[in-house]
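Asker: Before I ask anything, let me first share the structure, which is written out below as structure tokens.
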Amino acid sequence: MSYFPTVDKVIYEGPDSDSPLAFRHYDADKRVLGKPMREHLRMAACYWHTFVWPGADMFGVGTFKRPWQRAGDPMELAIGKAEAAFEFFSKLGIDYYSFHDTDVAPEGSSIKEYRNNFAQMVDRLERHQEQSGIKLLWGTANCFSNPRFAAGAASNPDPEVFAYAGAQVFSAMNATQRLKGSNYVLWGGREGYETLLNTDLKREREQLGRFMRMVVEHKHKIGFKGDLLIEPKPQEPTKHQYDYDSATVFGFLHQYGLQDEIKVNIEANHATLAGHSFHHEIATAVSLGIFGSIDANRGDPQNGWDTDQFPNSVEEMTLATYEILKAGGFTHGGYNFDSKVRRQSLDDVDLFHGHVAAMDVLALSLERAAAMVQNDKLQQFKDQRYAGWQQPFGQSVLSGGFSLASLAEHAFANELNPQAVSGRQELLEGVVNRFIYT
């Protein structure tokens, strides 16, 4: 059975194509900076928004009528959903996918049913991967949707909820290992609070630290070679989440000695919810040595919530990709489309339209970012701007050659009177625009 009978395999047709089901910029094997586009971008389609979300929102029920979402036996529907997913991935020509445990298998009415259902579906996913060549970018566990997680998972006041979450993460990590996933993601959707009146912040932070230590220990026990990734988000669904942004996660990791074990998976829409630009969050993670992977999407600047729209700004994605290229590119991570079609985009073909357009945005952004790296005007300016720190005096300050008192004496003795120098922001914005709009 074909779930998308009206859609042929999406191919590269070039910039002059006007087909919404053809790539204008994503030429998978085209070499950029000595490496194929597909290897730079490592793009993935997510299971949850693409195949699980029914088109519901807080004010209305689902609008979609996907064949794998109809009423019926949950396991049979999960099997059909997997068939639809891999047909979609294959026709789209995307190399990776991502999932939560309960995206791919019904949770069932008991932990025993959960375990059995998930095990059966992992068997099927493994066969689909072998037959299609599609790979798993990352797996994760949904420890936020079930009512038992209303007060969190690892941060829950009930240790039995903590243990249940542990069972799910244990199962999802083992599945990710078996399916040769490149990363394992931990998103603390309800690891936070609604009110401080009933919350013990110190205790909940200690619980999270212990849980993450257990995850790290299990990674090494099973021999998982990929990255563990925390996905920062400031709020929603909770009022305040503990993994607020990359800098907050960095502090948490250092508190519990996990800074060499866990990195971050940065989502564009989460960055803006935290009051940051996507560019800022990537640059911050890179500077702190915890950059891992990307959830590619965008938010609506007029809405204060997570809209998870497909990325469509070449300017934004060029700057993001520039930072990633400068950092050496992805190691295990990639660009995962944590993006969903709009509630009024009812047709199955809309799933293709959203992904094709977004993949083209990333491909064009990669080319523009590569040009920026090859003729790195920004780095040249930064080198000049900070040149004083490469001189003997600057090097001595950084290496501990001065105390505060001797530094003050140096300033007094030499009657220092440094003057401000232009930061050339407008010039540099023009430089970036020339690369992007070539």
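Cβ coordinates are placed from backbone N, Cα and C, and glycine is handled just like the others.
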Asker: Figure out which of Glu217, Glu231, Glu236, Glu367 sits with Glu267, Asp295, Asp338 in the Mg(2+) 1 site per Swiss-Prot.
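Answerer: Swiss-Prot lists Glu267, Asp295, Asp338 binding Mg(2+) 1, and from Glu217, Glu231, Glu236, Glu367 it also lists Glu231.
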Asker: May I ask which residues of the same chain, at least 6 positions away in sequence, place their Cβ under 8 angstroms from the Cβ of Glu267 (Mg(2+) 1 binding site)?
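Answerer: Counting only residues 6 or more apart in sequence, the Cβ neighbours of Glu267 (Mg(2+) 1 binding site) under 8 Å are Glu231, Pro232, Lys233, Ile294, Asp295, Asn297, Asp338.
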Asker: Expressed to the nearest Å, what is the distance separating Asp308 (Mg(2+) 2 binding site) and His100 (active site) at their Cα atoms?
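Answerer: Here the two Cα atoms are 17 Å apart.
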Asker: Secondary structure at His270 (Mg(2+) 2 binding site) (DSSP, helix/strand/coil)?
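Answerer: For His270 (Mg(2+) 2 binding site) - judged by DSSP and reduced to three states - the answer is helix.
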Asker: If I take the alpha carbons of His100 (active site) and Asp306 (Mg(2+) 2 binding site), what is the distance between them in whole Å?
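Answerer: So the alpha carbons of His100 (active site) and Asp306 (Mg(2+) 2 binding site) sit roughly 18 Å from each other.
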Asker: Cα distance, Asp103 (active site) to Asp306 (Mg(2+) 2 binding site), nearest Å?
Answerer: 19
